[in-house]
């Protein structure tokens with residue numbers, strides 16, 4: 001125990017060392033203790049000797065005494081004591097009961113939907129499932145994926161309902177989930193889902209690390225896809241697949257590699273406290289980004305990604321900006337911010353071109369997300385020269401994009417029910433709507449964090465709550481506030497899609513083995529799916545708010561991990577109201593203090 005010091009530095013503690021100070025100083029003084037004997041010592045000794053006899057005499061006298069107690073007074077005293085004791089016991093009981101039986105906080109609809117939406121990823125897991133997967137009708141599947149290819153390709157996520165693993169949308173989904181965790185980890189924790197979402201991300205990044213030689217310093221190929229879509233002539237549960245599944249590698253795929261780099265870089269910040277794993281993710285992201293750009297950056301002259309039946313990339317320059325921004329946040333290496341703020345790269349990426357898909361953030365188009373991420377650097381770090389001009393351009397562009405989402409803008413049409421048509425009436429609109437809702441809410445929270453009351457959109461000033469209100473109306477539409485009164489998230493209300501395009505959900509779990517042809521009867525069955533794939537957001541309605549609950553029409557009824565990632569991000573951003581803001585600092589933990597020239 002440390003000493004207590006007084007005002008002048010002395011101690012308040014009493015010690016027994018002072019009487020021996022002379023001894024400690026080297027001098028010994030002998031004294032005769034008898035010389036200091038008190039004159040009363042003899043009397044005290046006599047008292048000790050007579051004490052037993054005196055005690056016995058006192059006890060004998062006490063026995064002769066008699067006390068007269070009034071019975072009425074005694075009864076009243078006992079009653080008062082009993083009442084007081086009962087009152088104290090009652091107060092203690094009520095306090096204990098209140099402490100142990102306090103009702104849990106009421107969860108808002110967004111938090112409940114968030115918990116359900118995360119469960120969809122559990123249902124999409126491939127490989128050896130963990131004990132806490134909590135989806136009763138799912139089991140281990142495709143354990144032999146990629147046998148003979150590097151260290152195997154077991155694990156990862158099936159993209160949608162057809163048990164195929166696509167690296168491109170899976171990487172985008174992990175990037176979006178990681179971004180949401182970095183901004184809103186406190187909200188995830190309040191909802192009791194922080195560990196869950198981290199497990200989901202790690203399941204995805206563990207698989208991505210298997211799709212290339214992540215321990216090497218350079219690579220020459222990555223895995224584009226495992227399995228193939230065969231819904232027309234094969235409909236079986238993933239657990240029943242017992243045939244070799246094709247592995248499709250890719251040697252020139254800049255968009256995919258840059259997106260994979262973004263996913264691993266963002267996740268490395270999520271897992272920064274696990275130093276070994278975080279370092280592994282950063283290393284993998286670094287060699288992927290070099291593989292994507294061939295080390296040429298804005299002067300890249302290589303080819304583009306190969307064509308795909310379902311996930312064709314329309315370009316790669318936006319992934320260079322997106323991936324480079326995440327690499328800078330994960331490493332603090334200034335070469336990345338030099339690249340992403342170079343005018344040449346922005347020109348290639350057509351970052352400031354107002355085309356029809358300008359502002360439509362999704363697995364193929366990263367312009368809006370990259371611009372918001374770069375604006376975050378400007379708003380919170382204030383880099384100044386030589387980056388200020390380009391960062392300001394990014395900031396102005398994303399502000400215009402967010403403004404274009406508001407009802408007062410004419411950039412995008414809306415259905416009669418109020419759903420914004422970001423993909424201009426094409427199928428599967430909800431995946432783009434959820435991403436826009438996330439970006440708008442995040443933008444409003446950035447304004448809140450910088451004490452900015454709102455933003456000027458054209459001739460009109462909008463308070464920051466207007467951007468959050470836009471996000472609410474769109475997510476509310478998805479959750480059931482629409483003309484059909486249908487939730488497009490499965491299992492969230494009494495009215496949701498019953499014929500989801502999903503092989504695992506449409507076949508009873510007790511059927512363990514069957515052939516491709518035998519399973520087709522479940523695809524064509526008129527009965528609702530026997531398994532409820534909780535939390536799955538389907539493709540969504542058409543531009544007339546119409547919806548076909550048809551298992552064979554995947555445009556309406558198929559869910560995807562890319563779509564659900566945007567839904568999760570939007571839901572966590574809207575959950576808990578605006579009580580809990582963003583985490584301003586964690587995303588920048590690797591960025592060193594910036595020295596102004």
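Even glycines carry a Cβ here, placed using N, Cα and C.
Taken from TrEMBL, the feature active site applies to 501 (among others).
Counting only residues at least six positions away in the same chain, the Cβ atoms of 497, 498, 499, 556, 557 sit under 8 Å from the Cβ of residue 549 (active site). Here TrEMBL flags 549 (among others) as active site.
Applying an 8 A CB threshold to same-chain residues 6+ apart, the list for residue 558 (active site) reads 160, 161, 428, 500, 501, 502, 538, 539. Annotated active site per TrEMBL: 558 (among others), in sequence order.
Per TrEMBL, domain 'Glycoside hydrolase family 9' is recorded for 110-571.
For 73-95, the entry in TrEMBL reads transmembrane segment.
The Cβ of residue 501 (active site) has 26 neighbouring Cβ atoms from other residues within 10 Å, across all protein chains displayed.
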